[in-house]
Amino acid sequence: MTEILATAATTPKIGFVSLGCPKALTDSELILTQLSAEGYQTSKTFEGADLVIVNTCGFIDDAVKESLDTIGEALSANGRVIVTGCLGAKTAADGGNLVREVHPKVLAVTGPHATQEVMDAVHAHVPKPHDPFIDLVPPAGIKLTPRHYAYLKISEGCNHRCSFCIIPSMRGDLVSRPVGDVLKEARALFEGGVKELLVVSQDTSAYGVDVKYRTGFWDGKPVRTRMLDLVEQLGRIAEPYGAWVRLHYVYPYPHVDEIIPLMAQGRVLPYLDVPFQHSHPDVLKRMKRPASGERNLERIARWRELCPQIVIRSTFIAGFPGETEAEFEHLLEFMQEAQIDRAGCFAYSPVDGATANQLANPVPDALREERRARFMAVAEAVSAAKLQQKVGATMQVLVDQASALGRKGGVARSYADAPEIDGTVQLLPPSKASKTYKVGDFVRARIVGTRGHDLVAEVV
Ligand code: SF4
């Protein structure tokens, strides 16, 4: 559902719609923070705004349609619309700008990660208020996630050219944020009450490659722009706040082994989101995946040896062009052997502009779906057995929802559950009414059972 983000209602007012992935969400946060810093207000409705900004997603066809429809709605309700985000960078079949061709009345179009361009367009159409309320902006900026967790984007773009993906053509090559800036933002987020930091990028393990792991500065000390150094520092910054640091989009390069001891020591969460996509070397080659030549089963075994409690999340594609039954069975065996704790699977879907569309022997639609279902049956059995092993354990969980201060129960997550993509820990109403908790609290919970992808627990 499209939701207009809002604060108080005085002029000048900007309507803002944020679509797309967590990386797009961080772009939205940067733009909203800047708008607020300059004294603009946000409007609850298209009609009540002086101008509307739509942050779009252009990754799959459904997302393109949703973005174009939202721009259309904003144009008919308001008439003054600025478009930013991935779809803004997309070209139409004749080489022109896709958004401009469909909606020629938009005031301005930018690609992703373009706060300054968006602000320039806003200034051109709705002049800056005279007395900016700079002091009213919290030091951590404006956040779109609940107050207790936040995404931290460490880089933009990607140096790989996976054949099913068009992100590099929309977002460009890897550009790592300066390590000092990233760490400063992390500390501001913890100071602002964030209990869980989710590190995101297109390829977290490649952090710093573009700047040759240059040495930056943090707290007056040199720190290299490198995944290991970044993760070490994030763990240090999080410690006094008792906060969690969770890593997403990590590729299985050998140097990732270096961060596993930090997980074993509890410096960062023992959770790795590694998008393997497939296991068969020929399919990985056709996908042009990073780290496709690595021995992933051995690597996973080594990670589990170094940190037995590690939880591995991954996504896979079934029915990639040319995938044979034998290659698919290789994937099923990999899933079984690797015992991936949390696995998602998509049936291959050709994205407009992706080079994989030209590959020989596309798999028929129905077979792609059938393979996805077969994969998920294996994945769900692995995951259910893993959840069952947790029954009886006591663990720290972070509360996401609490009814009547937890007296009617609540919903929380353990280190094994990233928000929105993994399961949850369903908290039962406590037997003693004195046991209360609120959203954003860490509590200890004893696991008493499972329910689908979730655990059921009582607060202890
Ligand atoms: S690593 Fe591959 S899938 Fe991920 S953003 Fe880069 S090109 Fe796309």
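Heads up, the Cβ atoms here are built off N, Cα and C, so glycines get one too.
Unlike curated entries, TrEMBL annotations are predicted automatically.
Per TrEMBL, the feature [4Fe-4S] cluster 1 binding site maps to C21, C57, C86. For C158, C162, C165, the entry in TrEMBL reads [4Fe-4S] cluster 2 binding site. Annotation source TrEMBL lists domain 'MTTase N-terminal' at 12-127. The domain 'Radical SAM core' annotation in TrEMBL covers 144-385. Marked as domain 'TRAM' by TrEMBL: 388-460.
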Cβ-Cβ neighbours of C21 ([4Fe-4S] cluster 1 binding site) (radius 10 Å): 15
Counts of helix, strand and coil residues, the domain 'MTTase N-terminal' (12-127), according to DSSP: 53 helix, 23 strand, 40 coil
Rounded inter-Cα distance in Å - C21 ([4Fe-4S] cluster 1 binding site), C165 ([4Fe-4S] cluster 2 binding site): 15
Reduced DSSP assignment, C162 ([4Fe-4S] cluster 2 binding site): coil
Residues flanking the [4Fe-4S] cluster 1 site, with Cβ no more than 8 Å from the Cβ centroid of C21, C57, C86 and excluding those residues themselves: L19, G20, K23, A24, T56, G58, F59, A63, G85, L87, P112
Candidate nearest C57 ([4Fe-4S] cluster 1 binding site) in space, where candidates are the binding-site residues C158, C162, C165 and distance is Cα-Cα: C165
Filtered binding-site residues, from C21, C57, C86, whose Cβ is under 6 Å from an atom of ligand 1: none
Distance [Cα-Cα, Å, rounded] between C86 ([4Fe-4S] cluster 1 binding site) and C165 ([4Fe-4S] cluster 2 binding site): 13
Per-region confidence, the domain 'MTTase N-terminal' (12-127) (mean pLDDT, whole number): 87
Other same-chain residues whose Cβ falls within 8 Å of the Cβ centroid of C158, C162, C165, the recorded [4Fe-4S] cluster 2 site, in sequence order: H160, R161, F164, I166, I167, P168, Q202
Distant-in-sequence Cβ neighbours of C162 ([4Fe-4S] cluster 2 binding site), under 8 Å, six or more positions away: Q277, M287, K288, R289, P290
C158 ([4Fe-4S] cluster 2 binding site) CB neighbourhood, other CB atoms within 10 A: 21
Counts of helix, strand and coil residues, the domain 'TRAM' (388-460), according to DSSP: 6 helix, 32 strand, 35 coil
Chain-internal residues, separated by at least six, CB under 8 A from C165 ([4Fe-4S] cluster 2 binding site): V351, A354
